[in-house]
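Before any comments, here is the structure.
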Amino acid sequence: MEAQDAVEAFPSRVKRRKTADTDTNSPGLDTEEPILTEDNMATVLEKLITPISRDGSEASRNKVTVVGVGQVGMACAVSILLRELTDEMALVDVLEDKLKGEMMDLLHGSLFLKTPKILADKDYAITANSRVVVVTAGARQQEGESRLNLVQRNVNIFKFIIPQIVKYSPNCTLIVVSNPVDILTYVTWKMSGFPKNRVIGSGCNLDSARFRYLMAEKLGLHPSSCHGWVLGEHGDSSVPVWSGVNVAGVGLQKLSPDIGTAQDKENWKDVHKTVVDSAYEVIRLKGYTNWAIGLSVAELTESIVKNLKRIHPVSTMVKGMYGIEDEVFLSLPCVLSADGLTDVINQTLKDDEVAQLRKSAETLWKIQRELKDL
């Protein structure tokens, strides 16, 4: 280090000089006058910290963006933050005051989080270089509104959102949460121009979690020990795969061939009925659902950013699978990794289960082919 550089980097302490006292009552005494130096002009920060190396480049490695700061968006954001999955989070919404308030509320809890950087703005520039973008924004269904009309309104919203995401994060993986999720995942795929491995719908990941919870309640076990898949369309027409339901490898259908059917004396089919009805019940009780879907999305995000290669029932493009001929998105068991959705498990399904999948695909395609401006 050059001498002058050393002086600038490590300024000296306040220097003082002796001068003759001009007070006639104290002749001949010397006093000290402070000399103005860089040190006593420095800020507290400059006095506290000596910089060693700081080149200004602090690129995020696991940046996650959440679009939409409603109840679902914030549940996703908080769940991701608490799992310590990201070193930078960006929140985007059109409601400026809500956005600012949510960011302030999170930042006030920074002491309890390990994400050093949380940003919020209406401008999508703050989302630049995101690894994962979670889309929760969208219109809510109005009383008496047709499903097609709701989807078309969301298409119009996505026409602004998706190009902005693509512009600033062309290499990200998109997780679509907005409902109807399967159709809007298709819309996102078409609008983004991304390969299908980087456009994922949250799909039946939550439906399957609800199914396993209810199954566990019925058996007196923990949900992690109860295995079962709900596939197809997220919501009312989802397909419970009774042929694969098991505990510790023991197939319940082998113990009770009628399980899940109308002939089942134990009424296991009510488990799936409750899965379908549970969202409506939560909405009736509290006005919306948010925490379970937030936790579900955090798990999907974890599989991607940590390259875990875990299998999740999420919405993917299923054309060519199980005899489905149209470009629709339905939930199947999919492998999630750093490259997004890399593989689909060829699950052995019974004829009636395949028929239900095809029926869902036909229903979705009838709506999708009527959509405009894609």
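Cβ coordinates are placed from backbone N, Cα and C, and glycine is handled just like the others.
TrEMBL labels come from automatic prediction, so no person has curated them.
TrEMBL annotations:
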REGION    1-33  region 'Disordered'
DOMAIN    63-201  domain 'Lactate/malate dehydrogenase N-terminal'
BINDING   GLY68, VAL69, GLY70, GLN71, VAL72, GLY73, ASP93, ASN154, VAL177, SER178, ASN179  NAD(+) binding site
DOMAIN    205-368  domain 'Lactate/malate dehydrogenase C-terminal'
ACT_SITE  HIS234  active site, proton acceptor
Candidate with sparsest Cβ neighbourhood (10 Å radius) among GLY68, GLY70, the listed binding-site residues: GLY70
Pairwise CA distance, GLY68 (NAD(+) binding site) versus HIS234 (active site, proton acceptor), rounded so that it is a whole Å: 20
For the domain 'Lactate/malate dehydrogenase N-terminal' (63-201), residues assigned helix / strand / coil by DSSP: 68 helix, 25 strand, 46 coil
Neighbour count (Cβ, 10 Å) for ASP93 (NAD(+) binding site): 21
Candidate with sparsest Cβ neighbourhood (10 Å radius) among VAL72, VAL177, the listed binding-site residues: VAL72
Across the domain 'Lactate/malate dehydrogenase C-terminal' (205-368), average pLDDT on the 0 to 100 scale: 96
Diameter of the NAD(+) binding set by C-alpha atoms, the set being GLY68, VAL69, GLY70, GLN71, VAL72, GLY73, ASP93, ASN154, VAL177, SER178, ASN179, in angstrom: 18
Least surrounded among the recorded positions, given as ASN179, HIS234, when other CB atoms within 10 Å are counted: ASN179
Length of the line joining the Cα atoms of GLY70 (NAD(+) binding site) and the residue listed as 'active site, proton acceptor', in Å: 20
Cα separation, the residue listed as 'active site, proton acceptor' to ASN179 (NAD(+) binding site) (Å, whole number): 9
